[in-house]
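For reference, the structure is listed below as structure tokens.
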Amino acid sequence: MGYIAVVDYDMGNLHSVCKGLEKVGGNPLVTDQAHVIDGATAIVLPGVGSFDPAVQHLRARGLEEVLKTAIAKGIPFLGICLGSQLLFDSSEEGQETGLGIIPGQVKHFRSEPGLTIPHMGWNGLQFNQPDLCLWQDLPPEPQVYFVHSYYMAPLDPQVIAASTTHGSQTIAAAIAKDNVMAVQFHPEKSSTLGLKILANFVKKVALSDI
């Protein structure tokens, strides 16, 4: 049986992500080793914290190239929260360049009267890619859990898989292109609907591993 590499770079709540994957039948393996990531049937890049230290930690472990190579080979990939932002070229939060998998930038919410930043709590999703495997069997506008001050702003709006609105600002809540999927929210903290999203990812992994 293959395994899902959950990348450890000192920036993620790995326990809750692994617990969620295990609950839905996945076989997660926490690792910071390039050869382990290279042998995985899928990769999950979680993350909580700031952009620059995250990129620095990935590069210090020599993980940038193995992640890019795995993605180029078509390995199913799921980024979560900060892990989703690292796929982009850069962030307004820092000076480091990102992985550059998805062209675009990570931006900070604009201040507006009555708007709480960070965006923290439950919010509904609007599906831009309703047929994406992650959304299979979900209700319309499912409520998921967010904690973030920055958001993904891809150059190509076609890669936006779901959107959400905070104040007057509608932003990308998820992106998907080929084998790469990434969510700004925390599926592992989003109750039964979040577990369903993880289950859909695990199902895709199983199908791709046949």
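Glycine is no exception: its Cβ is also placed from the backbone N, Cα and C atoms.
Residues or ranges marked as domain 'Glutamine amidotransferase type-1' by Swiss-Prot: 3-210. The active site, nucleophile feature in Swiss-Prot is assigned to CYS81. Residues or ranges marked as active site in Swiss-Prot: HIS186, GLU188.
Counting neighbouring Cβ atoms within 10 Å of each of the active-site residues (CYS81, HIS186, GLU188), the lowest count belongs to HIS186. Across the structure, GLU188 (active site) and CYS81 (active site, nucleophile) are spaced 11 Å apart at their Cα atoms. In this structure the alpha carbons, written CA, of HIS186 (active site) and the residue listed as 'active site, nucleophile' are 6 Å apart. When averaged over the domain 'Glutamine amidotransferase type-1' (3-210), pLDDT in the model lands at 95.
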